[in-house]
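Read the structure below first, then the notes.
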Amino acid sequence: MRLNGEISIANVDDDDDGDGERKENELGLIRSPTPTAPPTRLVVGYALTSKKRQSFLQPKLLALARSKGILFIAVDVKQPLSDQGPFDVVLHKLAGKEWSQMIEDYGQKNPNVTVLDPPDAIEHVNNRQSMLEDVADLNLPDYYGRVTVPRQLVFTTDPSSIPHEVTKEGLKLPLVAKPLVVDGSAKSHELFLAYDKVSLAKLEPPLVLQEFVNHGGVLFKVYIIGEFIKVVRRFSLPDVCKRELSKIAGVFPFPRVSCASASADGADLDPKVAELPPSPLLEMLARELRLRLGLQLFNVDIIREYGTRDLYYIIDINYFPGYGKMPDYEHTFTEFLLSLEQSKYEKVLVA
């Protein structure tokens, strides 16, 4: 007798005319129980800010994960991780040296647990100076396009020295000013556009100044989840012409340009502006950055210089970005988690 969604029949008489429940009982017809979710095979402990929990752990993701045997459990950050779980994966995005040390110690003592991602690797991309250093050194083959970074300068103190240093290094106006450290706060994502050198002294260090590159007002946001890549278009800062530059002075704030409401997918755009970067280029870039950064969960903001077909600039890298804005992220993330389990299983077989 099998009870996996099939029906087992014993002593059946084809001429029996019974009906309903009585007929089932008389025929000895046994039905399998109502299907339920598969047993848990992957436990994911998560330590996220309330904002990140709300945007990422949406009901659709949790339901889909549960149907695949994946269970999400909140980590109590006030208690030792070793006293909780056991976990197969620890997913986290919290700031602070104490937490970083806790998760690092836990990873060393539990090598079979996948930590997404190592604290030191996350710290590397939380600094806008170090995050782009790996990109500048990539030296990828240019079969499908050239990838580089805008020229930039970092200032940590004395804003009065900024105009002189900008002149000395030959940076061209306008310049995009960004906070040096990305700590998850709204302030760390504030952008300013500086049109003249004198006004640069009004900026507040620590900050990064990047040369502004005209890019048709469209940014390509490349989401990376393990080996999965998804690219979407977002409206960005408008181009600046030389005539405008000569008439405007000062430093002007810009709102965040990567929110879901700023999606440019489906908009009536110039095809030369809207064309996505070639898939082979993005695959090559993602693979190299995963290795260099030591991260599985991040996104890359890319622009294409206006008037060119294949000159791309990476202007930002973000750890564990707003995946909730990515189309169909629920399926992508659950498949990624299952692939981690499969990878562990294959390693055991090889060993």
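Yeah, the Cβs are placed from backbone N, Cα and C, and that goes for glycine too.
All TrEMBL annotations are machine predictions without curation.
Listed in TrEMBL:
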type: REGION; residues: 1-36; note: region 'Disordered'
type: DOMAIN; residues: 43-122; note: domain 'Inositol-tetrakisphosphate 1-kinase N-terminal'
type: BINDING; residues: K52, K93, H189, K221, N318, G322; note: 1D-myo-inositol 1,3,4-trisphosphate binding site
type: BINDING; residues: R128, K178, 210-221, S236; note: ATP binding site
type: DOMAIN; residues: 144-338; note: domain 'Inositol 1,3,4-trisphosphate 5/6-kinase ATP-grasp'
type: BINDING; residues: D301, D316; note: Mg(2+) 1 binding site
type: BINDING; residues: D316, N318; note: Mg(2+) 2 binding site
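Within 10 Å of the C-beta of G322 (1D-myo-inositol 1,3,4-trisphosphate binding site) we count 18 further C-beta atoms, all protein chains included. Take the binding-site residues K52, K93, H189, K221: by the count of other Cβ atoms within 10 Å of each Cβ, the lowest one is H189. Note: the CA-CA distance between F212 (ATP binding site) and K221 (1D-myo-inositol 1,3,4-trisphosphate binding site) rounds to 17 Å.
Distances between the Cα of G322 (1D-myo-inositol 1,3,4-trisphosphate binding site) and those of the binding-site residues R128, Q210, S236, D301 are shortest for D301. Between the farthest pair of Cα atoms in the 1D-myo-inositol 1,3,4-trisphosphate binding residues (K52, K93, H189, K221, N318, G322), the distance is 20 Å. Using CA atoms as reference points, the binding-site residues K93, R128, F220 were checked against D316 (Mg(2+) 1 binding site), and the closest is R128. In this structure, of the binding-site residues D301, D316, the smallest number of CB atoms within 10 A of the CB marks D301. Reported as a whole number, the C-alpha separation between F220 (ATP binding site) and N318 (1D-myo-inositol 1,3,4-trisphosphate binding site) equals 13 Å.
On the 0 to 100 pLDDT scale, the model's mean across the domain 'Inositol 1,3,4-trisphosphate 5/6-kinase ATP-grasp' (144-338) is 90. In sequence order, P150, R151, Q152, L175, V176, K178, I315 constitute the residues six or more apart from Q210 (ATP binding site) in its chain with CB-CB distances below 8 Å.
Same-chain residues at least 6 positions away in sequence with a Cβ under 8 Å from that of N318 (1D-myo-inositol 1,3,4-trisphosphate binding site) are, in sequence order, V125, V182, F298, N299, D301. Residue pair K221 (1D-myo-inositol 1,3,4-trisphosphate binding site) / S236 (ATP binding site) shows a Cα separation of 11 Å.
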